[in-house]
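Asks: TrEMBL feature annotations, pasted as is:
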| type | residues | note |
| --- | --- | --- |
| TRANSMEM | 12-33 | transmembrane segment |
| TRANSMEM | 45-67 | transmembrane segment |
| TRANSMEM | 79-102 | transmembrane segment |
| TRANSMEM | 108-126 | transmembrane segment |
Amino acid sequence: MKKSQIIRRSALEFCVVLLVFNLINFTLFIIFQSVNDWELFSYNLFGSILVYFIFFLTSVLRSLIFSTTNFLLKIIGDLLFLELSFMIAAGGSLLYHILFYAISDENYILFFYPICLIGIRILWNIQSPKNKNPSLEN
């Protein structure tokens with residue numbers, strides 16, 4: 001893929017993941033009235049923008065430097081770079097927060113940071129097998 005196609009595809013993935021994550025965040029905020037905490041809602045709303053933007057930048061750099069076609073390696077790399085992005089943005093490990101604080105703080109949306117990313121990546125791969133998406137070709 002050309003550099004411009006990689007950047008365009010990553011930017012589109014960033015927008016879709018951010019939109020899906022925040023729709024889930026808003027929906028869970030409305031559904032679970034007993035857990036209505038504006039602080040957690042705003043933390044996840046604005047934190048997701050920062051975390052996913054840092055992830056977008058690292059993902060573009062990784063795609064430009066290392067071109068791999070192995071889907072499993074891409075998923076593992078995505079999870080590692082998401083963890084790195086969360087460490088940069090929040091100052092702590094996403095996995096640690098999920099394992100030890102998600103239930104006690106009732107911040108269930110933490111589970112959806114990696115789920116949204118991997119889900120969109122899998123759907124993207126099903127839609128465009130072998131990284132050939134006609135909408136991105138010029």
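Placement of Cβ uses the backbone N, Cα and C atoms for every residue, glycine included.
TrEMBL entries are annotated by machine, without manual review.
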Asks: What else in the chain is close to the transmembrane segment (108-126), if you only count residues 6 or more beyond its ends and a Cβ gap under 8 Å?
Replies: 13, 16-17, 20-21, 24-25, 28, 32, 35, 40, 44, 48, 51-52, 55, 71, 74-75, 78-79, 82, 86, 94, 97-98, 101-102
Asks: For the transmembrane segment (45-67), find every same-chain residue at least 6 residues outside the stretch whose CB is under 8 Å from a CB in it, and list them.
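Replies: 1, 3, 6-7, 10-11, 13-14, 17-18, 21-22, 25, 77-78, 81-82, 84-86, 88-90, 113, 117.
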